[in-house]
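The next block holds one structure in the form of structure tokens; read it before the comments.
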Amino acid sequence: MEKVKQQQRQKQHRPEPRSYTPSFSLVFRILALIRVVGALTAPIQDCDEVYNYWEPLHFLQFKHGKQTWEYASQYALRSYGFLEIYVWMARALHFILGFAGKVQVFYGVRILLAMVTAACEAGFVRAIAVHVDRRIANYTMMGLFGMAGMYHAAVALLPTSFAMCCGMVGGAAAMVPAWQGNMWRRTVVATGMFAVMAVVGWPYAAVMAVPYMVEEVVERGRVKRTLAAIVTGIAVMAVAGGMLAMVDSQYYGRFVVASWNQVKYNVVSGHSDLYGTEPWHFYIKNGLVNGNLVMALALLSLPMWTVYYLVLRGTAVGTGPTVERLFTSHRLLLYRIMPFFMVLVVFSLQRHKEERFLSIAYPHMCFNAAVCLSLLHPLRAWLQARTGRAWSARSDSLNLSVLAVAGAIGLLRMGALHQYYGGYSSVFLALPGHSASNGLLPLGPTIKTLWGSRTVRAEPGRQQTVCMGKEWYRFPSSYWLPEGFRLEFVASQFSGHLPGSFDENATGAERGDFNDMNRWEPRHVVDEAVCDYAVDTEFGAAAYAENEVPFARRSGWQKRMCEPVLDPQRTRLWERVLYVPGGGQRWGEVCIFERDQSSGDPGVV
């Protein structure tokens, strides 16, 4: 009997086998696969991405595009310096590949963003494996792979996505414990990346760095480390901010610090409330849609940490180095899970909320979920010692099953985004001129020119106008318009401030057709008579206002191509959120209309 009890004790205290974690290269390849899929299939989620980033980028490359009031010189809330990063990315791709069409540029930039994000994710996962725990790293990788939020955030041309990548690099460096003494690997790299995240990317993302700075100050060696962090932060902010200010001042024609103008408008004046307010639980609901079980587990990570701390305090015996290491490791884990909660709490307290704001914390959401699942292992061992029942195999299988289910739900969400809303961009391929190419785009030198390829030249001819009304916010950007085509808006029920058009020679001029109060500007719409093509939707027997009657019901127009899109008003919630083949979804269609030259004046049929 004594021998049996001894064997049971040995089994209880036998160390678990070390988890296998893939190399950086393998993690990168695994995550790059799903990121490239996202680059090719994820529709743009937010019209702000189109009109504040893709359109200005198109303007910098092709000298025309739609302009929001934020780029008006008298307001100067957006940074041209930020966009120049992507201009040079596109030029580098063009030099290697030689783009012949603007849609190729669009996808080329997105694929490059996908690869950069995958590299940042791989570094983040490897840092977790080396400095925190291999099991947590594996769980984090699984969460990142199947998370629908990362599917579209990873390829978005947004400061929040840029900040997300910087946050992963800085977070990877911050995984190194502050007391280990390697100042370069932690303090300098982490502080530098968090500074770039705030200055070049998105200033409000700086809240993620607060737990890191607390650890720098509180843990051992704090004076030297704090000084190094301050010097690094000031130096990086001065260099990065100075470079942006020089570029922006060149475009705006006066000295401009765009990030400060943005903070002043959104925080000091409070005018951001003009663009909509949401309840306090908006980000929790949004996180559940984009992260499903991962979001739920991330929210439970802090309570789980607290439970484990209470168990550890109640069961630890003595004050030796082993016990001290346990408490130190657990305390450091608190610093690692707090960035997600900092973002969630601070942003939830703001009245103006948007889905993309939470994306900076998506990687840390996956990390927190992994921590929650991983803490089940020591708690299970404690429970096993008290009850004598074997929980190990069950818990491991349960954790993997939970992540597998989360990934499956995430894939259904990804499928929903593509199947339900992909038609809003693909329908633009029906415009004439996409398939006809007479050379390479004029984006700079390219290797192909060495082999006889020529650069496309603008051909004289009448400019073609594509009009959008009530669906103006669905426009996928001018990269989906062939050369010689321009977008214009026609009047609809929307009463806010529509974008205008860039003036190639006057980026620094103050213009009277822009305002910062979201007021209607009649000069930003045209009469339907000037439209050569129109893009519009129709959803069954829905009732429409007089100025929003579908073009399909107007005389003088003929359909060129249609794509099915989801009718969200007549589709049940769960079928809107997830792709269910053969479900009860209700559909409409988005169509390209071409003016019928044989008809008379346009009107309603």
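Along the chain as shown, residues are numbered 1 onward.
Just so it is clear, glycine is given a Cβ too, placed from its N, Cα and C backbone atoms.
Caution: TrEMBL annotation is automatic and unverified by curators.
According to TrEMBL, the features are:
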type	residues	note
SIGNAL	1-39	signal peptide
TRANSMEM	80-101	transmembrane segment
TRANSMEM	107-129	transmembrane segment
TRANSMEM	150-176	transmembrane segment
TRANSMEM	188-214	transmembrane segment
TRANSMEM	226-247	transmembrane segment
TRANSMEM	293-311	transmembrane segment
TRANSMEM	332-349	transmembrane segment
TRANSMEM	361-379	transmembrane segment
TRANSMEM	400-421	transmembrane segment
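The transmembrane segment (107-129) makes contact with the transmembrane segment (361-379): 3 or more of their CB pairs lie within 8 A, with pairs spaced 6 or more apart in sequence.
Contact between the transmembrane segment (80-101) and the transmembrane segment (226-247) holds: at least three of their C-beta pairs are under 8 Å, each pair 6 or more apart in sequence. Through the fold, the transmembrane segment (293-311) approaches residues 143, 146-147, 284, 287, 330, 333-334, 337, 340-341, 364-366, 368-369, 371-373, 375-376, 378-379, 382, 402-403, 405-406, 409-410 of its own chain, all at least 6 residues removed from its boundaries and within a Cβ separation under 8 Å. The transmembrane segment (400-421) makes no contact with the transmembrane segment (188-214): fewer than 3 of their CB pairs lie within 8 A, with pairs spaced 6 or more apart in sequence.
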